[in-house]
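Single-structure report; data block below.
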Amino acid sequence: MTHLPYIVASYGLAAIMALVLSIGAALRLRRARARLAALEQTNNRSAGTPFTP
Amino acid sequence: MSASPTLVARTGSFFHRYANPGRFLKLGARLQPWLTWPAIAFTLAGLGWGLFYSPADWQQGDSVRIMYVHVPAAMLASGGYAGLALCGLLSLVWRHPLADLAAVEIGPVGACITALCLATGSIWGKPMWGTWWVWDARLTSVLVLFFLYLGHIALIRAFDDPQRGYRAAAILALAGAVDLPIIKFSVQWWNTLHQPDSITLTGAPTMSASMLWPLALSTIGFSLGFAAIVVARTRAAVMESRIRALLSSPRRGGGAA
Amino acid sequence: MTRKTRRLWLVIACVACLGTAAALILRAFSSDIVFFVTPSQVEASPPPADRTVKLGGMVVAGSVKRDKHGETPIATFAVTDGQAAVTVHYEGILPDLFREGQSVVAIGTVQPDHDFVASEVLAKHDETYMPKEVAEALKKSGKWDPRFGPPPSAASWNTMTVQDAGKNLSAPTTAPN
């Protein structure tokens with residue numbers, strides 16, 4: 001392949017960016033979901049009424 | 001003119017049906033796998049095809065393979081900003097709460113993809129044009145787009161009262177949309193070093209079909225991936241705001257903090 | 001509801017005003033936004049010798065003369081926009097894409113004798129993307145000479161990608177680029 005370093009650099013940048021963005025979003029979503037579930041559970045237990053959005 | 005108020009109201013109520021955060025969480029959870037997995041499949045197929053099976057260009061050699069990253073990134077840079085402008089419109093006119101949350105989340109993702117477009121363009125320009133960067137109309141207008149994204153990211157987080165940040169950022173997003181047609185038509189209106197578009201709405205593509213297919217696949221893949229990441233981040237943002245509301249609500253019992 | 005309608009019209013009016021303002025500004029500065037000037041523009045009104053200009057156009061077929069000044073290569077070639085041609089002198093390594101018939105942008109100054117001395121030469125490629133095998137086949141069949149103009153439309157050789165390219169792939173077409 002001609003211009004291999006340039007191609008590798010481009011695809012490498014794209015891969016790094018995709019990984020950082022998608023893993024970041026997945027982790028954030030998981031953390032938020034777990035935290036919300038825990039909070040709603042304690043809330044329901046103490047208040048006795050289910051949380052409705 | 002007489003019909004417009006009801007039309008505006010109706011459009012508003014249509015959007016508001018999905019403004020309900022609870023409804024959005026349900027819809028988003030259902031939508032997510034349909035965005036994520038096809039995004040991965042299309043991107044891998046398009047980039048794999050482009051990298052290993054598509055032909056080299058007769059004069060650019062294998063460096064033409066950078067196109068399969070650069071062009072989708074460029075399309076999404078503009079498309080993402082159009083999304084930001086739409087969120088701005090929904091926010092300013094209909095006070096759509098979800099549009100504000102989405103705008104907060106689109107900004108960083110759009111800035112990243114614009115940076116990728118600029119970086120891969122630069123990497124492609126060095127061996128082909130003989131320079132990393134020139135100040136021609138296309139490159140400069142995309143750089144302006146990058147700074148618009150950065151400005152939006154900063155502005156929407158700049159106020160203690162988030163509502164004021166949303167309003168200011170929405171105005172910036174709408175005003176900055178002026179840059180989108182400039183980017184699109186810069187290569188036609190002025191002499192630029194950047195070549196004109198190969199794929200246009202009006203004419204046949206000036207690109208070999210063997211290169212067009214992988215480009216189409218990776219463009220679909222990148223777009224779905226952009227949507228998947230934005231939807232995931234917006235879902236997380238809705239949950240986080242609900243967590244904040246629960247934590248600050250007086251009803252809350254002690255315990256988990 | 002009327003407040004929403006009013007806000008919508010307000011936003012539309014603001015965007016329209018802003019768009020018009022931007023369009024007017026761009027129109028006014030249109031000549032400054034162009035990245036390069038054409039040979040006929042240089043011919044019509046030669047810029048002063050101390051001003052750096054960017055000259056854009058096509059390298060005239062058969063006009064390229066390469067020389068060596070010690071270690072550094074020297075190139076002389078004519079750049080045309082179809083109406084006028086300007087002779088360009090350049091000392092240095094030309095970009096990979098430089099060839100006869102290619103669009104280039106030369107950055108430099110116009111000498112009193114109307115020749116152009118470039119300090120930098122950039123290659124400008126066109127929007128056509130074509131497999132190497134197809135280009136070879138087109139050249140061999142005499143349908144297209146890259147030195148004299150843009151390639152035929154993609155629709156006319158897309159089918160070739162399948163048919164002729166396969167034939168040419170089997171034959172050794174490892175011509176150096």
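Glycine too: its Cβ is placed from the backbone N, Cα and C atoms.
Database features, via TrEMBL:
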DOMAIN    B:11-194  domain 'Cytochrome c assembly protein'
TRANSMEM  B:34-53  transmembrane segment
TRANSMEM  B:73-94  transmembrane segment
TRANSMEM  B:106-125  transmembrane segment
TRANSMEM  B:137-156  transmembrane segment
TRANSMEM  B:168-191  transmembrane segment
TRANSMEM  B:211-232  transmembrane segment
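In terms of C-beta pairs under 8 Å, the stretch of B:34-53, B:106-125, B:137-156, B:211-232 lying closest in packing to the transmembrane segment (B:168-191) is B:137-156.
Taken together, the residues in the domain 'Cytochrome c assembly protein' (B:11-194) have a mean pLDDT of 91 on the 0 to 100 scale. Only pairs six or more apart in sequence are counted, and the transmembrane segment (B:34-53) with the transmembrane segment (B:137-156) gives fewer than three Cβ pairs under 8 Å, not enough to call it a contact.
Tertiary neighbourhood of the transmembrane segment (B:106-125): same-chain residues 63, 66-67, 69-70, 73-74, 76-77, 80-81, 83-84, 87, 131-134, 139, 142-143, 145-146, 149-150, 152-153, 156, 169, 222, 226, 229-230, 233, selected by CB-CB distance under 8 Å and a gap of 6+ residues from either end.
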